[in-house]
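S.K.: Pasting in a structure now, in structure tokens, and then I'll have a few things to ask.
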Number of protein chains: 2
Amino acid sequence: MAKQLLGKEVTAALNEKIKANVAELQGKGVNPTLCIIRVGENPSDISYERGATKRCETLGVACEKILLPEDVSQEELLATIDKVNKDDSIHGVLLFRPLPKHLDQAVIENALAPEKDVDCMTDLSMSGVFTGKKIGFPPCTPQACMEILDHYGIDCTGKKAVVIGRSLVVGKPAAMMLVKKNATVTICHTRTVDMPSVAREADIIIVAAGRAGVVGAEYVKEGQTIIDVGINVNAEGKLCGDVDYAAVEPIVDAITPVPGGVGSVTTSVLVGHVVEAAMRKVNA
Amino acid sequence: MAKQLLGKEVTAALNEKIKANVAELQGKGVNPTLCIIRVGENPSDISYERGATKRCETLGVACEKILLPEDVSQEELLATIDKVNKDDSIHGVLLFRPLPKHLDQAVIENALAPEKDVDCMTDLSMSGVFTGKKIGFPPCTPQACMEILDHYGIDCTGKKAVVIGRSLVVGKPAAMMLVKKNATVTICHTRTVDMPSVAREADIIIVAAGRAGVVGAEYVKEGQTIIDVGINVNAEGKLCGDVDYAAVEPIVDAITPVPGGVGSVTTSVLVGHVVEAAMRKVNA
């Protein structure tokens, strides 16, 4: 039976570190603050907002909200971003996307100051993920994967890691982060030939295929660590990952469940970014 | 015996395309122009400048030069970059680096407008390489590798590609470009365990290890394509690549020589970027 890599254990440890940093900042008179900008009333945005707000409260991070109507103009949204960029009391900004179609999303995303870009929405933050420079912050989901590996003491140096998926939100950044951790990294995707045989060579597999049950028993072998980024709803209406958990779990060494794995770590990573943004500013 | 992938053949084909684009631009009254900014009298800068100037001449691209003294101030260099950014007659800029130590290279590099960044010196150009967006231009050397693959009709889709080296100038960008071409890409580096066995699995190997003779017979097998990015000087004072050519060439299907391979394509790629920059501007 595989060891379960539990999001709640990782989150608990992360939260302790975040709280210590918040206390240090408050000792210096700084109140780390997240600003959430929401356009319209998308239920999934509202649900994520609720989670982030709660997590901020628990960790002593202030959370301001700017709610704009669905038909907000490009000018007004840009003016709002300009205002938060210039507001020294705001350290990190979360803007829900996709934006309504009448707005030029690329322009709006890149209007945010990279040093406040705690959710990796600007091109400059993406550059930081690629180059390893501290410009902005990496996307929360692949960083949550790294936090899980770190928390459970899974050393990547010299290991073979396979990333399934090449998206900008997970696959590519995860690959860059694993290279930085000295893993030998293989990026697989829909055009990969005989993916099971590639995956079986890995020590660590990060699955971000975006489809339920893609990774079955034929992808895995003894000794592997499986990080499942997928969040899907199965035929019975239950949450499930991209990995066929029932088939894979008995074979491998360690695996993240869904729910209760990667997804449960991302909010703490986001709030951690806000606190780090405040610390970078204090130490600049 | 392996097929030789010759830089001169790739360059000849590239140059024809570039000339056609130059003619089209000139027909619209646009003279594509490269501006070379050189600080000091570094012999290798001067040598590269000579090559680029000559290539520009052959291809009908104008080449302006701004020569600054070794002790130029940060302010003067930034003012120079600001001037070329604003100069509508200049389409691409090449600034030699490393800069003298008294200058803040990161600040200076990022002062250049990304749309004129034909040598991938800004963080935004790097972001474009990672995200696949058309921001700036990719580094010339990994693009030269792709031009060689394209010219010789080596389709990457579904192929296994191994990149040896994780530098920002070659390894990482080459990996991203190969992913875009639908290859299953593995990034190896100094911390990779048993690199020969990883390399032997590949259909295509791009070698950017930065050390002579790293890749010997034990890294390769029949049917492979080897692209050697290395430029080193061996014990006899001769130019050589990172691949032990004499050992590898008899085994593989196709290989780039050094000299006469990747290195001989980069100047055309650079000039091609200048022309593309001019075309993007015309079509904007």
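Every residue, even glycine, has its Cβ placed from backbone N, Cα and C.
Straight out of TrEMBL:
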DOMAIN    A:6-119  domain 'Tetrahydrofolate dehydrogenase/cyclohydrolase catalytic'
DOMAIN    A:139-281  domain 'Tetrahydrofolate dehydrogenase/cyclohydrolase NAD(P)-binding'
BINDING   A:GLY165, A:ARG166, A:SER167, A:ILE231  NADP(+) binding site
S.K.: Sorted by position, what residues of the same chain at least six away from A:ARG166 (NADP(+) binding site) have a C-beta under 8 A from it?
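M.R.: Expected: A:LYS172, A:ILE187, A:HIS189.
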S.K.: Given binding-site residues A:GLY165, A:ARG166, A:SER167, A:ILE231, which are under 8 Å from chain B when comparing Cβ atoms?
M.R.: A:ARG166
S.K.: In sequence order, which same-chain residues at least six apart have a C-beta under 8 angstroms from A:ILE231 (NADP(+) binding site)?
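M.R.: Sequence-distant Cβ neighbours: A:LEU239, A:GLY241, A:VAL258, A:PRO259, A:GLY263.
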S.K.: Quick one: largest C-alpha distance among A:GLY165, A:ARG166, A:SER167, A:ILE231, binding NADP(+) per the record, in angstrom?
M.R.: 16
S.K.: With DSSP as the yardstick, break the domain 'Tetrahydrofolate dehydrogenase/cyclohydrolase catalytic' (A:6-119) down into helix, strand and coil residue counts.
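M.R.: Helix, strand and coil residues of the domain 'Tetrahydrofolate dehydrogenase/cyclohydrolase catalytic' (A:6-119) number 59 helix, 18 strand, 37 coil.
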S.K.: Taking the Cβ of A:SER167 (NADP(+) binding site) as reference, which residues of that chain separated by at least 6 in sequence fall under 8 Å from it?
M.R.: A:ALA208, A:GLY210
S.K.: Looking only at the domain 'Tetrahydrofolate dehydrogenase/cyclohydrolase catalytic' (A:6-119), what is the model's average confidence as pLDDT?
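M.R.: Across the residues of the domain 'Tetrahydrofolate dehydrogenase/cyclohydrolase catalytic' (A:6-119) the model's pLDDT averages 97 on the 0 to 100 scale.
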S.K.: Let's check the environment of A:GLY165 (NADP(+) binding site): how many other CB atoms sit within 10 Å of its CB?
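M.R.: Cβ-Cβ neighbours of A:GLY165 (NADP(+) binding site) within 10 Å number 24.
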S.K.: For the domain 'Tetrahydrofolate dehydrogenase/cyclohydrolase NAD(P)-binding' (A:139-281), what does DSSP give as the number of helix, strand and coil residues?
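M.R.: Residue counts in helix, strand and coil order: 54 helix, 26 strand, 63 coil.
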